[in-house]
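Engineer: Annotation comment: TrEMBL describes K85 as active site, for sulfotransferase activity. Annotation source TrEMBL lists 3'-phosphoadenylyl sulfate binding site at K85, G86, G87, T88, R89, R166, S174, K291, G292, R293, P294, H295. TrEMBL lists C274-C286 with the feature disulfide bond. For 76-311, the entry in TrEMBL reads domain 'Sulfotransferase'.
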Amino acid sequence: MGCSGRLPGPVEGRRASLLLTMILFFTYFFYCLPGPCEPLPPALLLPPPAALPDGAAPTAAGDAGPALGGGSRRFPQAIIVGVKKGGTRALLEFLRVHPGVRAVGAEPHFFDRCYEKGLRWYRSLMPRTLEGQITMEKTPSYFVTKEAPRRIYNMSRDTKLIVVVRNPVTRAISDYTQTLSKNPTIPSFQDLAFKNVSTGLIDTSWSAVRIGIYAKHLDNWLQYFPLSKFLFVSGERLVSDPAGEMGRVQDFLGLKRVVTDKHFYFNQTKGFPCLKKPEGSSKPRCLGKSKGRPHPKIERQVVQRLQEFYRPFNMKFYQMTGQDFGWD
């Protein structure tokens with residue numbers, strides 16, 4: 001999702017309100033002239049509530065008010081903030097099966113690319129939710145964006161944060177595979193991963209490598225949010241045991257465990273679980289063609305050197321989160 005979305009301005013809002021009022025009066029007098037009728041509800045004669053100005057602080061609930069169709073647009077109570085190529089799309093699709101979750105389909109990129117659009121614009125992207133439902137969004141690049149923790153904290157310090165992590169070596173290769181599919185002329189994985197191949201010096205300026213230094217990025221988030229606001233989801237277990245990992249996610253969000261093993265089947269071709277009954281469909285569905293691509297063959301010594309590079313960062317991440325993800 002880009003930042004080009006446009007909200008109706010005050011002129012358009014007044015015109016829409018006037019048009020609605022005219023329609024209501026016409027309907028009222030057409031049906032009520034032959035005999036007595038109940039008076040129009042006062043609420044229909046009132047102007048719409050004032051909109052939240054761009055950049056203004058939201059209310060605690062971030063409520064945009066009820067709509068004729070029911071529900072309100074609210075700021076997300078939970079955000080999947082990372083990581084790229086970790087399994088965030090799968091997690092979001094699995095969560096959307098739950099009737100208590102409403103989520104934005106595309107990635108808003110508000111807290112990294114579109115922040116100048118203001119909170120009113122951001123809230124307009126959210127789906128309408130009923131009382132008791134959770135509003136969510138996912139943008140994996142938030143986790144590696146320095147300003148994102150502060151900006152989310154300023155929106156709501158109570159936001160729950162979900163981070164899907166994966167073996168950083170496998171994640172880097174998957175990241176490269178995605179880029180290669182879009183641009184087949186890029187240098188080899190080895191050339192991009194190393195500053196100097198002969199010495200084995202890793203190039204941490206390359207985003208595919210940098211993203212996997214999870215401990216460094218988490219340090220930045222812990223300046224604003226306590227560890228209790230985070231759930232770290234294993235990308236590997238999301239594949240091997242999706243129901244078990246989804247149970248943890250539903251518990252963290254305060255939801256009843258509705259998404260269970262009956263919702264999944266394993267697709268041997270793609271190599272990961274798919275939904276038997278995705279939202280709004282009675283047919284089984286897997287993620288798109290861009291998911292589950294075969295990885296290019298990477299030389300063993302390159303993989304081993306990357307494993308050595310990430311090992312101390314992984315150990316620190318295990319200590320910080322209190323979870324051993326088994327990557328070493």
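In case you wondered, yes, glycine gets a Cβ from its N, Cα and C as well.
Because TrEMBL annotations are produced automatically, they should be read as predictions rather than curated entries.
On this model, are these features tucked inside or out on the surface, and what's nearby?
Structural biologist: With a cut-off of 8 Å between CB atoms and residues at least 6 apart in sequence, the same chain places P140, R166, R171, S174, D175, Q178 near K85 (active site, for sulfotransferase activity), listed in sequence order.
Remark: P294 (3'-phosphoadenylyl sulfate binding site) has T177 as non-local neighbours, by Cβ distance under 8 Å and separation of at least 6 in sequence.
Over all protein chains present, the Cβ of C274 (disulfide bond) has 20 other Cβ atoms lying within 10 Å.
Confidence for the domain 'Sulfotransferase' (76-311), expressed as mean pLDDT, is 94.
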Engineer: G87 (3'-phosphoadenylyl sulfate binding site) to C286 (disulfide bond): how many Å between their Cα atoms?
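Structural biologist: Pair distance, Cα basis, whole Å: 13 Å.
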Engineer: Compute the C-alpha separation of R89 (3'-phosphoadenylyl sulfate binding site) from C274 (disulfide bond), stating it in Å without decimals.
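Structural biologist: Between the alpha carbons of R89 (3'-phosphoadenylyl sulfate binding site) and C274 (disulfide bond) there are 12 Å.
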